[in-house]
Amino acid sequence: MEKARPLWANPLQFVFACISYAVGLGNVWRFPYLCQMYGGGSFLVPYVMMLMVEGMPLLYLELAVGQRMRQGSIGAWRTISPYLGGVGLASVVVSFFLSTYYNIINAWAFWYLFHSFQDPLPWSVCPLNDNHTGYDEECEKASSTQYFWYRKTLNISPSIQDSGHVQWEPALCLILAWLVVYLCILRGTESTGKVVYFTALLPYCVLLIYLVRGLTLHGATNGLAYMFTPKLEQLANPKAWINAATQIFFSLGLGFGSLIAFASYNEPSNDCQKHAIIVSLINSSTSVFASIVTFSIYGFKATFNYESCLNKVILLLTNSFDLEDGFLTASNLEQVKGYLESTFPDKYSEVLPQMKNCSLQSELATAVQGTGLSFIVYTEAIKNMEVSQLWSVLYFFMLLMLGIGSMLGNTAAILTPLTDNKVISSHLPKEAISGLVCLVNCVIGLVFTMEAGNYWFDIFNDYAATLSLLLIVLVETIAVCYVYGLRRFEGDLKAMTGRTLNWYWKAMWAGVSPLLIISLFVFYLSDYILTGTLQYQAWDASQGQLVTKDYPPYALAVIGLLVASSIMCIPLVALGTFIVRCLKRGDTPPVA
């Protein structure tokens with residue numbers, strides 16, 4: 001007899017699994033960046049609109065497909081049409097790429113977490129040079145947090161061509177990260193269902209603690225004012241709308257097959273429409289909540305840097321012009337500078353090159369996202385807090401929970417189609433399949449622990465999923481509405497849940513969402529074409545800053561391979577299915 005499909009213990013477990021997967025690092029480090037870039041509070045207008053016309057409908061579509069077909073992505077789309085098996089395969093390939101590089105972020109979080117127990121924090125001060133006569137030159141030119149990230153954590157090479165060798169400490173952290181993921185997925189929904197309560201809820205506890213701390217920091221209101229002050233002119237910027245759409249798209253994790261995999265373990269009668277709305281709203285609310293936390297800390301950091309800059313200028317002028325201590329203050333600085341410039345023009349011109357231009361607005365306007373926000377900007381703020389070790393431990397533990405929660409979804413997208421396959425599951429137990437997937441991903445992931453590993457991480461992060469996912473979700477919506485048939489699918493949903501599909505979902509699936517995805521696809525292609533030669537940011541140790549370089553030809557070939565390897569699954573599987581069917585028809589003997 002066929003083995004019964006495992007199920008979630010209750011609907012709450014399923015919702016927590018979806019939240020744990022969808023609410024990830026993008027909510028903490030990309031959404032605040034987009035708010036900063038595209039008009040603060042006014043960015044919420046395109047964001048909410050894209051949630052309504054793209055996020056919720058497509059999330060509901062994937063959950064409904066998984067629950068109706070009760071299979072992983074490959075089996076689900078093959079059930080809809082034998083020619084569509086490549087859609088599921090493309091999802092598995094993208095999820096495999098994502099798992100390979102995403103877990104290195106958890107490895108970095110482990111690395112910072114372990115170092116968070118030191119006093120002082122190792123990124124709070126520059127180390128001494130070899131002669132012990134001063135601070136390390138690279139650290140002085142950059143900053144202590146940048147130095148710890150680029151030199152101590154990554155030990156980064158000057159270019160992608162200088163591969164270097166595997167760094168054993170990050171490599172051990174990566175192995176630990178994969179071991180944790182393996183233990184979480186060991187027994188499928190039975191073990192994952194218990195873990196998701198922790199990975200879904202704990203980040204909110206930490207964010208709440210950080211919110212209370214952030215709001216009490218000096219200068220927090222400067223950051224919050226910067227975030228919530230709307231720049232209405234940005235509403236006319238098409239890039240604001242495009243980035244709002246892509247943020248919703250990737251934040252919910254559409255197209256990876258993870259949501260289909262999770263929904264396949266539901267009872268057929270589960271109300272997936274309600275759960276799609278709940279998960280969408282919680283995910284977006286978390287982004288706004290995380291932004292408030294981020295901007296309060298960002299305001300503290302910017303204010304601290306601004307006041308430090310002013311103090312250096314005050315000290316420089318006081319010493320240069322023999323002014324009385326305490327005479328110069330932040331309030332009279334500009335007035336005194338004007339007086340000194342007019343009274344002592346020659347001496348002032350000598351001092352001028354050493355004087356920094358201090359501006360709170362320019363500090364607040366410095367846009368940072370991704371690893372730069374998590375491992376440089378946040379650590380810069382944390383080192384200046386009281387009891388900085390406590391805040392560092394809390395922050396990196398939260399990052400770990402967010403990262404592991406997303407990894408559970410990524411690995412589910414790979415494992416569910418494999419365990420659904422009768423040939424594979426009949427020869428290997430679930431634990432062995434999970435172990436092999438984790439082992440292969442971990443071995444490939446060692447590339448990211450090399451000296452040039454961060455450059456390869458950026459390649460995978462920028463190109464492994466973007467175009468592929470847009471095409472996958474576009475084919476998914478067309479497949480449900482025009483291959484399987486929207487009326488037929490509506491009947492299936494009514495039979496499962498007893499709920500009639502209203503006009504809103506039908507209009508979004510059949511028209512609005514596909515047109516929006518096509519627009520995004522065209523934008524990305526034109527953006528790549530107009531950009532010309534693809535470039536990356538390389539660390540220059542002599543300058544202590546990032547410099548722009550062109551990718552070498554073999555890196556461009558890898559980028560092309562990453563995009564093509566998933567996208568080509570769709571037409572190749574369809575072609576293969578067509579050829580096999582033609583051959584079978586050809587082999588059938590004619591009836592006498």
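Backbone N, Cα and C atoms are what each Cβ position is placed from, and that goes for glycine too.
Note that TrEMBL annotation is computational and uncurated.
Within 10 Å of the C-beta atom of LEU402 (Na(+) binding site) sit 29 other C-beta atoms, taking all shown protein chains into account. Annotation comment: TrEMBL describes ALA22, VAL23, ASN27, SER251, ASN283, LEU402, SER406 as Na(+) binding site.
Sequence annotations record features per position, and here TrEMBL assigns transmembrane segment to 12-31 (among others).
The transmembrane segment feature in TrEMBL is assigned to 43-61 (among others). Within the same chain, residues 34-35, 234-235, 240-241, 244-245, 247-249, 252, 254, 259, 272-273, 276-277, 279-280, 283-284, 288, 473, 476-477, 480, 504-505, 508-509, 512-513, 516-517 sit at least 6 positions outside the transmembrane segment (43-61) and bring their C-beta atoms closer than 8 Å to a C-beta of that stretch.
Same-chain residues lying 6+ beyond the ends of the transmembrane segment (82-104) with a Cβ under 8 Å from its Cβ atoms: 72-76, 170, 174, 177-178, 181, 255-258, 260, 403, 406-407, 410-411, 413-414, 417, 437, 441-442, 444-445, 448-449, 453, 456-457, 460-461, 464-465, 468-469, 471-472, 475-476, 479, 483, 562, 565-567, 569-574, 577-578, 581. Annotated transmembrane segment per TrEMBL: 82-104 (among others), in sequence order.
Annotated transmembrane segment per TrEMBL: 168-186 (among others), in sequence order.
Here TrEMBL flags 195-220 (among others) as transmembrane segment. Residues 13, 16-17, 19-20, 23, 184, 286, 289-290, 292-293, 296-297, 299-304, 385, 391, 394-395, 397-398, 401-402, 404-405, 408 of the same chain, all 6+ positions outside the transmembrane segment (195-220), place their C-beta atoms under 8 angstroms from a C-beta of that stretch.
TrEMBL lists 240-265 (among others) with the feature transmembrane segment.
Taking Cβ pairs closer than 8 Å, the transmembrane segment (277-298) reaches residues 15, 18-19, 22-23, 27-28, 31-32, 35, 44, 47-48, 51, 55-56, 59-60, 204, 207, 210-211, 214-215, 217, 220, 223-224, 226-227, 247-248, 251-252, 364, 373, 377-378, 381 in its own chain, all 6 or more past its ends. The transmembrane segment annotation in TrEMBL covers 277-298 (among others).
Under the heading transmembrane segment, TrEMBL lists 393-415 (among others).
Among the features that TrEMBL reports, transmembrane segment is placed at 436-457 (among others).
Beyond the ends of the transmembrane segment (463-486), by six or more residues, the same chain brings 58, 61-62, 65, 77, 80-81, 84, 87, 90-91, 93-94, 97-98, 101, 246, 249-250, 254-256, 506, 509-510, 513-514, 517-518, 520-521, 524-525, 559, 562-563, 566-567, 570 to within a C-beta distance below 8 angstroms of the stretch. Taken from TrEMBL, the feature transmembrane segment applies to 463-486 (among others).
If you look up TrEMBL, you'll see 507-526 (among others) marked as transmembrane segment. A Cβ distance under 8 Å defines the sequence-distant neighbours of the transmembrane segment (507-526), meaning residues of its chain 6+ beyond its ends; these are 50, 53-54, 56-58, 61, 242, 245-246, 249, 466-467, 470-471, 473-474, 477-478, 480-481, 486.
Marked as transmembrane segment by TrEMBL: 554-580 (among others).
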- Item | Among the ranges 168-186, 240-265, 393-415, 436-457, the one whose Cβ pairs under 8 Å to the transmembrane segment (12-31) are most numerous | 393-415
- Item | Intrachain neighbours beyond the transmembrane segment (393-415), with Cβ under 8 angstroms and 6 or more residues off its ends | 17, 20-25, 27-28, 72-73, 91-92, 95-96, 98-99, 102-103, 105-106, 109-110, 112-113, 116-117, 177, 180-181, 184-185, 188, 192, 195-196, 198-200, 202-203, 206-207, 209-210, 253, 256-262, 374, 378, 382, 430, 433-434, 437-438
- Note on the structure: Under 8 Å Cβ-Cβ from the transmembrane segment (240-265), and at least six residues away from its ends along the same chain, one finds 5-8, 14, 17-18, 21-22, 24, 26-27, 30-31, 34, 37-39, 43, 46-47, 49-51, 54-55, 58-59, 62-67, 69-73, 76, 88, 91-92, 94-95, 98, 189, 234, 272, 279-280, 283-284, 287, 406, 409-410, 412-413, 415-417, 465-466, 468-470, 472-473, 476, 516, 520, 523
- Per the Cβ filter (under 8 Å) with a sequence gap of at least 6 from its ends, the transmembrane segment (554-580) is approached by 82-87, 89-90, 93-94, 97, 160, 455, 459-460, 463-464, 467-468, 471-472, 475, 534
- Per the Cβ under 8 Å criterion, with at least 6 residues separating them from its ends, the transmembrane segment (436-457) contacts 96, 99-101, 103-104, 107, 154-157, 159-167, 170-171, 174-175, 178, 181-182, 185, 371, 411, 414-415, 418, 428, 536, 538, 555
- If you tally other C-beta atoms within 10 angstroms for each of the binding-site residues SER251, ASN283, SER406, the top scorer is SER406
- Task: Would you mind listing, in sequence order, the residues at least six apart from ALA22 (Na(+) binding site) in the same chain with a Cβ closer than 8 Å to its Cβ?
- Result: SER251, LEU252, GLY253, VAL279, ASN283, GLY409
